[in-house]
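Trainee: First the structure, which I've put down as structure tokens, then a few questions once you've had a look.
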Amino acid sequence: KMSSGAADLRQRKKQNCTESDKMAPEERNKENSKLGRSPKYMLIQRFAKLFFGCLAAVTSGMMYAVYLSTYHERKFWFSSRQELEREITFQGDSAIYYSFYKELLKAPSFERGVYELTHNNKTISLKTINAVQQMTLYPELIASVLYQASGSEEVIEPVYFYIGIVFGLQGIYVTALFVTSWVMSGTWLAGMLTVAWFIINRTDTTRIDYSIPSRENWALPYFACQVAALTGYLKKNLNCSAEKFCYLLVNASTYTFMMMWEYSHYLLFVQAVSLFLLDSFALAQTEKVHEVYKIYLFSLVLGYLLQFENSALLVSPLLSLVAALMLSKCLQMNMKKSTFVSRLLKIMYIYLVLTVAVTLNFLLKMFIPHKENEHLLKFIEVKLGLNTTKNFTMNWLLCQESLQAPSQDFFLRLTQSSLLPFYILVLIICLFSVTQVIFRRICGEPLKGTVKLEDGRIGERPEIVYHVIHTILLGCLAMCLEGMKYLWTPYVCMLAAFGVCSPELWMTLFKWLRLKAVHPILLALILSMAVPTIIGFSLWKEFFPRIMTELTELQEFYDPDTVELMTWIKRQAPVAAVFAGSPQLMGVIKLCTGWMVSSLPLYNDDDLLKRNENIYQIYSKRSAEDIYKILTSYKASFLVIEDSICNEVGPVRGCRVKDLLDIANGHVVCEEGDNYAYSKYGRFCHEIKMNYSPYVNYFTRVYWNRSYFVYRINTVISFQS
């Protein structure tokens with residue numbers, strides 16, 4: 001029965017494909033004959049539209065990549081810096097990613113470099129890690145292969161090649177958003193407006209300014225390509241060749257996206273929920289939606305195998321949801337349509353899928369050992385107020401700006417660029433139209449095979465409904481965590497640009513208003529050209545001078561104290577030295593010097609999180625003996641204290657590192673609503689600078705400048721006063 005059902009399904013798909021291929025030319029010929037146009041004239045017109053649209057999309061992407069490169073040069077003076085000064089611009093986790101790229105290039109062969117990364121014992125003391133799996137270093141593997149295979153060693157420096165690839169991917173990101181808006185609206189004017197809004201709101205659309213090598217900067221361009229291909233794939237009356245192309249592109253980009261970012265399956269889960277709701281209300285072809293589910297399954301399985309059997313993918317909510325959807329589909333296909341049970345399944349479909357998905361995820365987590373993302377669940381519990389904690393790491397994460405609710409400045413910036421008002425307008429019109437369509441479906445009215453402009457039913461287009469649901473879900477996440485705005489805002493730009501440039505959206509509005517004084521179709525066509533043109537001119541007048549000022553102004557990023565510290569380490573520290581300090585600084589030391597460190601700014605490993613918390617105790621009120629025991633337990637030989645952390649004056653009291661440590665260590669006394677720090681020991685980072693016993697017995701100062709104090713951890717302890 002299953003094999004015959006599958007054969008029937010394939011046969012129906014072939015018939016639908018051939019019917020649409022046959023119907024499309026016939027309909028176009030009828031329209032052309034009515035307008036008195038020859039098929040040859042229409043073919044030339046379509047080709048010209050496609051050519052200039054593609055040219056505009058590619059040009060927009062290239063110009064954005066050049067813009068990023070120019071802005072980066074003006075900000076960091078890269079071309080006039082020495083290699084050490086360039087590397088210092090990579091901060092925190094960015095430094096770690098680039099350091100492994102350097103190690104791959106220095107390896108005698110690519111195979112040897114990969115082996116050393118997968119069996120790495122030269123980065124973190126007393127710890128051997130699979131850096132490729134733990135830090136998702138596939139972008140660095142690809143970049144190093146391209147650099148060596150293309151013979152770029154004699155043409156371009158490694159750092160320029162590396163950041164050039166990232167900037168190029170950002171250009172692809174913008175091009176994909178352009179194409180998505182163009183496919184939805186039918187005019188590449190929408191693509192131009194999308195790009196304009198994206199660049200103007202760059203502070204809220206991308207993190208490229210702050211962290212070039214971050215995983216999302218490598219991954220999100222592939223997700224944008226996947227969304228563009230999915231938009232085309234969901235369209236009605238798509239010819240076979242275009243449908244196959246979109247399907248293959250969805251396949252390739254989904255898998256690549258999953259390999260580039262460890263949290264990619266969570267974003268794909270949000271997308272899967274959008275498709276699930278789209279299919280539940282029968283607003284899209286079920287066969288197409290389930291083909292996308294199969295792509296998810298294929299990508300998860302392949303990702304699990306190639307990511308060294310990554311158990312996080314097996315217990316991911318994406319796998320549980322897709323498995324539940326496929327199981328529910330099989331149950332529906334095997335039931336006779338006229339039976340009571342089949343009708344009950346249709347009514348209970350959403351409840352059935354959610355119940356099976358939650359149960360399956362619970363069982364998988366019970367039987368499959370996993371530790372990778374447990375800290376995320378703990379963070380969510382505390383964030384939602386379901387739990388309280390004094391844990392340093394959890395409270396430190398809660399204090400991060402990216403994990404706070406978005407500020408008023410964020411909404412003000414989107415409003416000043418006119419993005420937010422137009423997005424809300426487009427969203428309201430589309431939501432009302434979708435609600436009408438769902439009500440018609442409940443009443444038994446079928447969807448139209450082809451939605452015409454005069455129908456004013458934009459809510460019947462499956463690709464539009466998908467994007468409406470998708471942006472709402474991403475928007476809900478962005479309202480909780482400011483860091484999620486980088487996922488939401490680009491698609492806000494795209495949806496708003498599509499809406500103001502789409503005659504169908506204006507026609508839908510005029511259908512509700514029942515305009516009689518002016519022909520609604522003519523007015524819709526005029527507004528779809530006039531409104532974006534007016535927006536474009538106003539944006540050009542207000543924001544273009546600011547962008548040009550950014551590119552012409554020479555900014556200065558220079559950190560002489562850090563340069564001096566790295567120079568001293570390279571010249572004076574023993575080769576076998578192990579450095580301890582804040583994780584962010586340890587990442588820079590590892591990149592600039594190559595010396596082993598005791599911790600790294602990584603937050604996906606429980607052992608590293610515990611290390612970071614322990615080593616941060618150098619800024620707490622603990623005894624010299626306690627700190628000495630902690631540092632020697634990790635075989636550290638040098639300690640680096642940062643004055644900026646020790647004397648931190650944060651804008652939010654209670655979120656400074658030393659405040660969080662006092663809370664975690666129980667060194668805070670609450671009296672009449674005020675918090676007072678109490679301990680029988682002074683703050684270690686202050687006391688050690690006084691050079692008195694017992695601190696001088698355990699630690700010897702060997703270097704200092706305005707920002708850093710370096711101490712050698714004594715192996716032989718002298719208790720003479």
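Glycine residues also receive a Cβ, built from the backbone N, Cα and C atoms like all the rest.
Not my notes, these are from TrEMBL:
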- 19-34: compositional bias 'Basic and acidic residues' (COMPBIAS)
- 1-34: region 'Disordered' (REGION)
- 50-71: transmembrane segment (TRANSMEM)
- 182-200: transmembrane segment (TRANSMEM)
- 266-284: transmembrane segment (TRANSMEM)
- 304-327: transmembrane segment (TRANSMEM)
- 348-368: transmembrane segment (TRANSMEM)
- 420-443: transmembrane segment (TRANSMEM)
- 487-509: transmembrane segment (TRANSMEM)
- 521-540: transmembrane segment (TRANSMEM)
Trainee: Excluding the flanking five residues on each side, which residues at least 6 beyond the ends of the transmembrane segment (487-509) place their CB within less than 8 Å of a CB in that stretch?
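Mentor: Distal contacts: 173, 177, 180-181, 184-187, 189-191, 193-194, 197-198, 201, 204-206, 220, 224, 227, 267, 414, 419-420, 422-423, 425-427, 429-430, 433, 451, 453-459, 461, 467-468, 470-471, 474-475, 477-478, 520-521, 523-525, 527-528, 531-532, 535.
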Trainee: For the transmembrane segment (420-443), give me same-chain residues lying six or more residues beyond its boundaries with a C-beta closer than 8 angstroms to one of its C-beta atoms, as numbers and ranges.
Mentor: 281-283, 411, 414, 457-460, 464-465, 468, 471-472, 492, 495-496, 498-500, 505, 508-509, 512, 535
Trainee: Using Cβ atoms and a strict cutoff of less than 8 Å, what residues sit near the transmembrane segment (266-284) while being 6 or more residues removed from its termini?
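Mentor: That would be 223, 227, 230, 234, 254, 257-258, 290, 292-293, 296, 299, 316-318, 321-322, 325, 349-350, 353, 434, 437-438, 441, 447, 460, 462, 465-466, 469-470, 473-474, 477, 487.
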Trainee: Taking residues 6+ outside the transmembrane segment (348-368), which of them lie with a CB under 8 Å of any CB in it?
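Mentor: Residues 276, 280, 311, 314-315, 317, 319-321, 323-325, 327-328, 332 contact the transmembrane segment (348-368) from elsewhere in the chain.
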